[in-house]
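*Asks:* What Swiss-Prot records for this protein is below:
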SIGNAL    1-22  signal peptide
CARBOHYD  367  N-linked glycosylation site
CARBOHYD  441  N-linked glycosylation site
BINDING   487  heme binding site
């Protein structure tokens, strides 16, 4: 009995010491976080984080990225501390070194799974590893080379429909509509072996899939507050009850998202069944399909059939990848392409020089190899510089699953004047990945870091950029992230941008007349007016005459 009492007292003492040490540790961590500079909060109740995540948050995002240093303290509801991190060493810890510790928030993972199903971006751990292992080969450079002729064939159709519109003279065209339709057709043929859009001028030929996708981003931003409580909502009753609640929920944006999800899911399942049946029927049936069996999903189906039981994906995950591929490849690339065309319209000298390079190389004719296209210096510079200054996705968050420490490349001066060399981060702290802040860091890129200057890529980059070891997978940029959760399709996106620009800039001149407002969302999108409802980017277009 005495031994048991001693043991109980010992356990009690150990627990007390552990609790005191943990509270002391958390107190120290929160003290450091309170000392980190950051923008003022309008309200303890609401904080200032929604100023960052709101549709019109670009000015606030720029203020956060430029005026408070490489680690910035933001405030969530009820005084919750949030960090914005653009320091290279800290980003390396989050993205590479301790990527298994710093994961997406539960609300983000649930959102992805509700939108697409059990897909790559909505999975963690072994499930994510297995999915990525199967997907990696189809996004290799070698596979991109095989798909290049198909890319040109699609964009030649885009060229013809625009040519028909402007052959009689200059005309205003919504380039976002056409880059979106082209992007959907490219991922349709190259990704799914399916034609979504014949790219003809009459709107009746358009696919409802594309219209649904364009409506999704604005709708998601309008229900951001609901998304934050998804971890609780998905636990309310059985699946049929949650579906019924969604069907009758009195909110237009929720109904828009529901319609998009239903459209994607239905079409993905139809295409999957067709492809599976064709593969079972043999090579001739596969060759009769749009992608002739060379598209991403046909290759994935064959690879999955041959995979070991441990690496094989269930059909539900294969269908989920299809919905994810279409969504991810459509808006990000098409919106970036529209932004590039806007910038070329604003910088006519760069547009003229790019056209000269493209005409001399013949890149707009399709008689260029993949390697030749990728190496065109000014074309490459225009793409890189746009992705640097205008990354399409900036709402990226990570959460540590345990207490962690972020080392810093350079010390931060605290509000009380003390030097902060590393930042202790308590478990569960939200960390906004400073994509824009890293991409325009003046200490790395120079005093002109905010300026769109493609010529900076035509000579060696500043030594500070190369020495910083920025953990991005693409060109010392954080635009496509890095590590095991980097954007798997960035090579697909890069090739698409270059083919579209090669063909369109070789044949047309683009000018800007209307003021364009870029809105914050999962993928930023343009409107003509500040509060415009419809994503669009109208430019004056005319045929180029040498």
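Using the three backbone atoms N, Cα and C, a Cβ is placed for every residue, glycine included.
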*Asks:* Pick out which of the glycosylation sites 367, 441 has the most other Cβ atoms within 10 Å of its own Cβ.
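*Replies:* Of 367, 441, the one with the most crowded Cβ is 441.
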*Asks:* Would you mind listing, in sequence order, the residues at least six apart from residue 487 (heme binding site) in the same chain with a Cβ closer than 8 Å to its Cβ?
*Replies:* 328, 473, 480, 481, 493
*Asks:* Quick one: pull the CA-CA distance for residue 367 (N-linked glycosylation site) versus residue 441 (N-linked glycosylation site), whole Å only.
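*Replies:* About 39 Å separate the Cα atoms of these two residues.
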